[in-house]
Amino acid sequence: MEACNCIEPQWPADELLMKYQYISDFFIALAYFSIPLELIYFVKKSAVFPYRWVLVQFGAFIVLCGATHLINLWTFNMHSRTVALVMTTAKVLTAVVSCATALMLVHIIPDLLSVKTRELFLKNKAAELDREMGLIRTQEETGRHVRMLTHEIRSTLDRHTILKTTLVELGRTLALEECALWMPTRTALELQLSYTLHQQNPVGHTVPIHLPVINQVFSSNHAVKISPNSPVARLRPRAGKHMPGEVVAVRVPLLHLSNFQINDWPELSTKRYALMVLMLPSDSARQWHMHELELVEVVADQVAVALSHAAILEESRRARDLLMEQNIALDLARREAETAICARNDFLAVMNHEMRTPMHAIIALSSLLQETELTPEQRLMVETILKSSNLLATLINDVLDLSRLEDGSLQLDIATFNLHSVFIEVHNLIKPIASVKKLSVTLNLAADLPVYAIGDEKRLMQTILNVVGNAVKFSKEGSIWITVFVAKSESLRDFHAADFFPVQSDNHFYLRVQVKDSGSGINPQDLPKLFTKFAQNQSLATRNSGGSGLGLAICKRFVNLMEGHIWIESEGLGKGCTANFIVKLGYPERSNESKLPFLPKMRATHVQTNFPGLKVLVMDDNGVSRSVTKGLLEHLGCDVTTVSSTDEFLQVISQEHKVVFMDVCVPGIDGYELAVQIHEKFTKRHERPVLVALTGNINKMTKESCMRVGMDGVILKPVSVEKMRSVLSELLEHRVLFEAM
Amino acid sequence: MAGVSQLQKQFVDYKASLFQEGVLDEQFDQLQGLQDESNPNFVVEVVSLFFQDSERLLNDLTKTLNQQGVDFKKVGANVHQLKGSSSSIGAQRVQRVCIAFRNYGEEHNIEGCLKSLQLVKHEYTIVKNKLETLFKLEQQILAAGGIVPR
């Protein structure tokens, strides 16, 4: 071929084609360049895209392809070698990249597919979570309902309200058609329809308790679905077209107080249950859901608790009412008893007086009669009258005393008395009677027995007389020994008597008296009965033994009042017996000094006839009365100084004066004030003279004022010589004298 | 001597009559009992003291009661004194009137007081005269060489 340099323009023939190719290549290149840009942009935007490398590869591939096509533009015409080189490079690169991409794609496609599966999986999971959320929400709502229900139920303690509220709230919460409660009857053989929600049924409908469906419900503590046809669920007359809703029944335990035992929760068989029946609305195609059933069970339990609270409340109310009634009855009985005692006491007081007056007359006149001239027969008669009336008088006293002792209204007259003389008197009283019966009576007083004691002298003597009298009465021969001593602490501790608890103290001592006789004795079996009222010892009773049987009972009361103990020992019939008693008496010196003791019964053991040299100070503003008193005292041998005013008195008074007589009734001289001043002047008791008030009017107030200011005595003017003599004697011996009012 | 025994009998009778009339009571006897060798004129002394005291008191009372504004406290005090004295020697009737007098005084009853004053004066005069007679009789007995019977 001719190498011609003539270039044949190939344009005109294929120019159009060329143009189109040119344009297409250009656009392809453009597209190829822009797609990766877009891709990059989007990848940049979404940060999660995991296959960046692939994209890069892909991008590179596209770019290169584009480059290829672009470069292709230059190859339509004559092009230099460089262009061809570039073109070749580009193509090569493109080939490489595209192959790599292809290979890579093969690799990543399964991954991409699994992404899809994972996505599906996640979607499912999300759906599940949603469902669960829904469930939890429902449960929470249910819980709220339960709490609200519980609150409603427990906010009242009235049984009916509780049950009614339960049904109402349940009905509302669960949107029930009907809700009913069957309670067991008293006989526990039937269930009675007690409450319904809509009250369309006659209440009072009963079903027997032993139906299988009921047993099924009772045997589990879950809510059980039952058939709508069962008798407990058939609460309304069924209209044919209704498709009844599902019915659930649950047991409600009825708890009683007696059911609660600590280690032993009661088993089912002993429990009573009520039946709660819940019906969903008919034709609603609703079903019982688990959470609803749980709600029902929880509510049933709460109702059980609330009911038990209500039951407890009812019982406590009933108990309280019962107690109130009993209280009223007791109060009434007490008041009646008090009235009776008052009436009895009034009666006794009256009878006391009424009975004693004639007795007194009889006794007094009979004894007077005894003193007159009588024939022997008359004397005998009078003596019998006297004896009988004495007995009667004693009986009256005994009965009155005993009844006073019984109701505890007797109080001991505590005073200081001569203990020795009490026993001596008893001995003297008993001796003649005993000698008639040819019994010898020996009295043995212990050496350490206090001469004076504080206690009830009269009743102590009564007791001793009674005991000794019994000894004499029931002994036909032999002797009687009376031993009196102070019970020592060791011997006291031996006593195991049921109601005797001796307590040692410095102010008191326990006097022990033992009366032993050699008489007929007592059967040991009869010993306990001795102290009961009116019980005579039948084995030795003769009509003549007399006595009402009250004596020992009264003695026991007295001894008990004196915080002591009395008992009798006997070896048996015919072996004599020993009566013992212990009583608590006070020591006279050691009693509290604040009370000035009154010693009206004390006789001065020895009356001085004269008081030679006794220094006495007399204060009286009345000249006449002063000289009289002075004369009186001088007659008795005293050394008398007289003063007529307080100032004179205070000047003259000294330790030498042993006794001071002052007139306190004088207006103008405050004898009381003076007494106080004397006390201040002479603080020590033995330095102070004895202060005696002389007064013309003696009454309680004067006496009390004198006592209050610390006077040692009060005497009434006018004073005779004898009186002054005995007054001075007593004052000097005892430093105290208050004339009896 | 017949004279002495007569005098003594007179004395005894007179004294008995005083007691019977109630002019004197046993307190007077007591006073006599106090009289002994160491105190031979005890009774006379005491009685003289009584006379002096009483006269003074009665004068005071008269003055007080005749004032315009009667001081009943003073009256009471004086009457109290008089009562004390009269009871000390055994002037029974005087003492009794004094008691009534004191009551009037407490009631502030001037009429009653004046009346009582009159009575007291009257009784006092009686007892004074009688005691003076008694003492005269005593003196006579002693002068005649006898002893005064108790």
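Note that Cβ sites are derived from N, Cα and C of the backbone, with glycine treated the same way.
Residues annotated as Cu cation binding site in TrEMBL: A:CYS65, A:HIS69. The ADP binding site annotation in TrEMBL covers A:ASN470, A:ALA471, A:VAL472, A:LYS473, A:ASP517, A:LYS533, A:SER548, A:LEU552. Annotation comment: TrEMBL describes A:LYS717 as ubiquitin cross-link. Feature annotation from TrEMBL assigns domain 'Histidine kinase' to A:350-589. Residues or ranges marked as domain 'Response regulatory' in TrEMBL: A:615-732. Annotation source TrEMBL lists 4-aspartylphosphate at A:ASP663. For A:20-41, A:53-72, A:92-113, the entry in TrEMBL reads transmembrane segment.
Shown on the structure are the features that TrEMBL records.
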{"residue": "A:CYS65", "record": "Cu cation binding site", "DSSP class": "helix"}
{"residue": "A:ASN470", "record": "ADP binding site", "DSSP class": "helix"}
{"residue": "A:ASP517", "record": "ADP binding site", "DSSP class": "strand"}
{"residue": "A:LEU552", "record": "ADP binding site", "DSSP class": "helix"}
{"residue": "A:ASP663", "record": "4-aspartylphosphate", "DSSP class": "strand"}
{"residue": "A:LYS717", "record": "ubiquitin cross-link", "DSSP class": "coil"}
Candidates A:CYS65, A:HIS69, A:ASP663, A:LYS717 (recorded positions) - the one closest to A:LEU552 (ADP binding site) by CA: A:LYS717
Proximal residue to A:ASP517 (ADP binding site) among recorded positions A:CYS65, A:HIS69, A:ASP663, A:LYS717 (C-alpha distance): A:LYS717
Long-range Cβ neighbours of the transmembrane segment (A:53-72) (under 8 Å; 6 or more residues past either end): 25-26, 28-33, 35-36, 39-40, 43, 83, 86-87, 90-91, 93-94, 97-98, 100-101, 104-105, 108
Cα-Cα distance linking the residue listed as 'ubiquitin cross-link' and the residue listed as '4-aspartylphosphate', given in Å to the nearest integer: 9
Site with most surrounding Cβ atoms, counting all protein chains shown within 10 Å, from the binding-site residues A:CYS65, A:ALA471, A:VAL472, A:LEU552: A:ALA471
Spatial neighbours, same chain, of A:ASN470 (ADP binding site) - Cβ under 8 Å, 6+ residues apart: A:GLY551, A:LEU552, A:ALA579
DSSP-assigned states of the domain 'Response regulatory' (A:615-732) in counts, ordered helix, strand, coil: 53 helix, 25 strand, 40 coil
Cα distance (Å, whole number) from A:CYS65 (Cu cation binding site) to A:VAL472 (ADP binding site): 158
A:ASP517, A:ASP663 as recorded positions, winner by CB count within 10 A: A:ASP517
Separation of alpha carbons, A:LYS717 (ubiquitin cross-link) and A:LYS473 (ADP binding site) (Å): 52
